[in-house]
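The following features are taken from TrEMBL:
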BINDING   G12, A13, G14, K15, G16, T17, R127, G168  ATP binding site
BINDING   T33, R38, E59, L60, V61, G85, F86, P87, R88, Q92, R129, R140  AMP binding site
REGION    32-61  region 'NMP'
Amino acid sequence: MSKRIVFLGPPGAGKGTQSQRLACSAALLHLSTGDLLRAEVAAGSALGQETKAVMERGELVSDALVLAIVRSRLAGHGGGWLLDGFPRNLSQANQLNGLLAELGQPLELALLLEVPEEELVQRLLSRGRSDDSEAVIRRRLAVYSEQTAPLISHYASRGLLKRVDGLGEVDAIAERIASLVC
Ligand code: B4P
């Protein structure tokens, strides 16, 4: 069974929803960079204020900040883990590779959740988070195509990529994922 996993997919594909299930059933550490950044914002720190403005525009937060968060959680963690929403661009992927080499914890699997764009927009509009207005959603989808989608060929060329159909009932998708991970 794969124990060191990256979850890839566009905003609203269900990375958070499916990561929580898999982390729980397989006893993996679930690290959502989106959740960790929202916690910074909620704490109201100077860093949180800066992060809030970036997230509300639908842009990506700085690589240095996100990497520092991931490093602090993975260093010293001996078991398996699941990264949800990280890496988001090639620079983050390269820095993650370096960090994992340093920690002696190589990545085993990159799971790509695939969902058509109009379904993504509908899901995010009904979720209704503060960064889920239609204009911001469209911006996040554009940022995904420009910056995150290149990770698909990056992980495919390393033989680590598996694709999952992200359309359908949450339980059915969880079963598809379980069959790929085990
Ligand atoms: P994230 O928190 O990662 O959120 P997301 O990509 O929008 O959503 P996700 O794919 O997890 O979908 P979810 O399960 O919630 O990022 C938010 C922001 O944080 C980014 O825009 C960026 O600014 C910043 N950020 C995060 N990581 C970063 C990084 N590494 N570098 C820089 N910046 C970073 O599902 C969406 C909705 O669909 C939910 O309402 C859910 O209930 C529903 N849903 C799920 N599965 C469904 C299904 N099968 N059918 C119908 N609905 C479903």
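Heads up, the Cβ atoms here are built off N, Cα and C, so glycines get one too.
No curator has checked TrEMBL annotations; they are predicted automatically.
Per Cα geometry, R129 is the residue among the binding-site residues E59, V61, R88, R129 nearest to T17 (ATP binding site). A straight line from the CA of F86 (AMP binding site) to the CA of K15 (ATP binding site) spans 11 Å.
In the vicinity of ligand 1, defined as a Cβ distance under 6 Å, the following of the binding-site residues G16, T17, R129 are placed: G16, T17.
Model confidence over the region 'NMP' (32-61) is summarised by a mean pLDDT of 93. Taken residue by residue with DSSP, G16 (ATP binding site) is part of a helix. Applying an 8 A CB threshold to same-chain residues 6+ apart, the list for T33 (AMP binding site) reads V66, I69, V70, L83, D84, G85, F86, R88. Taking only the Cα positions, the spacing between K15 (ATP binding site) and V61 (AMP binding site) is 18 angstrom.
Taking Cβ-Cβ distances under 8 Å and a sequence separation of 6 or more, the neighbours of V61 (AMP binding site) in its chain are L37, T51, V54, M55. Spanning the listed AMP site, residues T33, R38, E59, L60, V61, G85, F86, P87, R88, Q92, R129, R140 have a farthest Cα to Cα distance of 25 Å.
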